[in-house]
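Per Swiss-Prot, these features apply:
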type     : residues                                                                       : note
ACT_SITE : ASP598                                                                         : active site, proton acceptor
BINDING  : ILE483, GLY484, ASP485, GLY486, ASN487, PHE488, ALA489, ILE490, VAL491, LYS506 : ATP binding site
COMPBIAS : 22-35                                                                          : compositional bias 'Polar residues'
COMPBIAS : 47-59                                                                          : compositional bias 'Polar residues'
DOMAIN   : 158-244                                                                        : domain 'Doublecortin 1'
DOMAIN   : 313-396                                                                        : domain 'Doublecortin 2'
DOMAIN   : 477-735                                                                        : domain 'Protein kinase'
MOD_RES  : SER67                                                                          : phosphoserine
MOD_RES  : SER70                                                                          : phosphoserine
MOD_RES  : SER73                                                                          : phosphoserine
MOD_RES  : SER87                                                                          : phosphoserine
MOD_RES  : SER88                                                                          : phosphoserine
MOD_RES  : SER89                                                                          : phosphoserine
MOD_RES  : THR91                                                                          : phosphothreonine
MOD_RES  : SER93                                                                          : phosphoserine
MOD_RES  : THR100                                                                         : phosphothreonine
REGION   : 22-41                                                                          : region 'Disordered'
REGION   : 47-81                                                                          : region 'Disordered'
Amino acid sequence: MELEKVKINSLHCNDAVLSSLQASPSATSPQSVPSKANVVTEASIIEKTNQPHNVQEDNNYNRDCDSPESSSSEQDKELDDLRNLHSSSLTNSVVVGKSTGSLNGVYSITSVTSETKTLESVVTTNSASGSACLSNTPTADHIKKRIPSSRTPTRKALRIKFYRNGDRFYPGITIPVSNERYRSFERLFEDLTRLLEENVKIPGAVRTIYNLCGKKITSLDELEDGQSYVCSCNNENFKKVEYNTGSQPLSNLPLSNSRSNSHRLAKCRPSSPLKNGLLAGSSPFPACGGGTGNGSPLIASRLSDRVTVVHPRIVTLIRSGTKPRRIMRLLLNKRNSPSFDHVLTAITQVVRLDTGYVRKVFTLSGIPVVRLSDFFGSDDVFFAYGTERINTAEDFKLEAEEQRAINVIRKTMRTTGTTCKGPKPKMPIKSKKVYPPLVDSEPFKAETTPEDDRHAALLTSTGMEINELPSNIRNTYSLGRIIGDGNFAIVFKIKHRQTGHSYALKIIDKNKCKGKEHYIDAEVRVMKKLNHPHIISLILSVDQNTNMYLVLEYVSGGDLFDAITQVTRFSENQSRIMIRHLGAAMTYLHSMGIVHRDIKPENLLVKLDEHGNVLELKLADFGLACEVNDLLYAVCGTPTYVAPEILLEVGYGLKIDVWAAGIILYILLCGFPPFVAPDNQQEPLFDAIISGIYEFPDPYWSDIGDGVRDLIANMLQADPDVRFTSEDILDHSWTIGNKGNECTTYKR
């Protein structure tokens, strides 16, 4: 048994249609139909419509219908015929009313006999003329049509345009936004991050959306169709600039919800060390199957040019004006230099011309700079002009004072070697407490001493009792030797009783850090957020009244300070491996807005092979780490590795970690730090650090290449504004070179 569906949208039918209806199985006598089957479900939907597209849709359904003009009397007669026809065959009648020119869509579902024929007649009404027709085809089996349901209307997605925060040249990207497509704000953030990474360099994931007036958007319901918004990454504040609202967006994504649209959210994206710890030497644009995602050849070409041309470098800028002119420096990298216009904007923000934007740039020899690659060639000094007139005879000549200023800048970036006078500088002394011989010389002694007695002896040597250990740690792990110590904590090697895996147990004495408890809380809070192959993992944390216990990942090779004291200096290949791993860890931290503040060899753990070569480096000890929401002013760190802005107390941020990494790279290659003072006196040391002037003395640097010297010079810039970022370290040509991670022997 089937259901016969009749949809009546009009009140005008011809004789052929009426004959078809009378000959249909529904005319069977009621006695031949089982009583339970004599059920008629009637659904009448009457709605007024004046929308042109609805009329057009109805006309498409009835393009084969005969639609002559009919009078009111003819319609009345046809209505009576239809009533008589249905009343003779249905247990419940179908109500059919007189057309008023606005009747649209009357459904009738009638139970019939077991004959398997289905009739679906679609009739439309033209609301303007009051005339329509009943669709008819030769056989009922061939007139099945899908009836759209008005109960589940398709919601139209909002068409929203998004800009990159502070980027006045980025033309924006337009995407459809709806509650069906994005169930949460975080999902929209993920898609915006992926789309922006394909077109511009961004410092991290999209975290905030603003309107063009700077108001923060907190829900999808606040977005308006056809409006523009600004995407902010990490903790960036809204930058009120003249966004490129009149330009054509880079990518206008279709509004279709079809999953077959492979171009909607292309997953072809640069591999980034921020999230997966990959080395910078890996291919930044992996091939994507199925074509270029979201992609025009113009965008792909632009990204390719940026990758091949742009590299981190510091340029010197001479501001146009009255002589002697102001001399400034600017760090160019992939974030602020994706195009020629972006570089002009960056220069404008630094030189601050009285005439406004920088319009023209010249080299020191007076050659106009017209391409992006010109900023990354052999010239590193440029004149910046606005709309003012240029006197080529005088403007490109440097006065003595201007030349001296440029020479001072170049001196701070010196990469040539000088002869070292006097004895070779030494590494600073590693602070370490002295414990009884039981701990240092005979760490385990399990054969002669019961385990509990050995644990008690180890803890007693540090002023602790065996019962002070938390039960879940005492029952799960076997205590080993002391492997590290600091001002507030001590670190034991422990072993899991069931698996035999080694871990490190850090015990922080709260009594020794009175008033600094927030550092302990910050360390645990930060480490719980981290997951990176070159950062020590936190396995378990237990907080008690007197101590904080942290079970950490164990690295077998010890810390980098001990490795340096054993081998004195490392080869460039070994140093490259370590700086890659350290740079990847810092980039990951900085992308989350976290600064370590105590990067030094004692806090870098290394894994060695059987020949003593470094295979892996991991960053540890987050006791001073914190999240950066604004400039920090607390003076902390280790004197040898402290950055100038910390000593000057002018406020500092993420780049103090880059300075410390530059000191470490210098030490790896020659065995001593760039800034030293006699007898380890702090005042002369701090003066040297603030000056930012150091040398690459021979013979210790005679066999070391210019590439790594250039990297060190950029990492040890006293001015944090022009100092390399952690990403710039990974992008440098020396760091990218020899990607194979091949191990070579130490330099003895």
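Note that the numbers count up from 1, one per residue, in the order the chain is shown.
From the backbone N, Cα and C atoms, a Cβ is placed for every residue, glycine too.
For VAL491 (ATP binding site), the count of additional Cβ atoms within 10 Å of its Cβ stands at 21 [all protein chains shown]. DSSP assigns ASN487 (ATP binding site) to coil in the three-state reduction, outside any helix or strand. Sorting the recorded positions ASP485, ASP598 by the number of other Cβ atoms within 10 Å puts ASP598 first. Helix first, then strand, then coil: DSSP counts for the domain 'Doublecortin 1' (158-244) stand at 16 helix, 26 strand, 45 coil. Among ILE483, GLY484, ASP485, GLY486, ASN487, PHE488, ALA489, ILE490, VAL491, LYS506, the residues given in the record as binding ATP, the maximal Cα to Cα distance rounds to 15 Å.
Within its own chain, ILE483 (ATP binding site) has VAL491, PHE492, LYS493, ALA504, GLY558 as residues 6 or more apart in sequence whose C-beta sits under 8 angstroms from its own. Secondary structure from DSSP puts the residue listed as 'active site, proton acceptor' in coil. Within the model, the domain 'Doublecortin 2' (313-396) carries an average pLDDT of 86.
Taken through DSSP, the domain 'Doublecortin 2' (313-396) splits into 17 helix, 25 strand, 42 coil. Geometry remark: ASP485 (ATP binding site) versus ASP598 (active site, proton acceptor), CA distance 15 Å.
By a simple count of nearby Cβ atoms, those within 10 Å, the most crowded of the binding-site residues ASN487, ALA489 is ALA489.
Rounded to a whole value, the Cα-Cα separation of ALA489 (ATP binding site) and ASP598 (active site, proton acceptor) is 15 Å.
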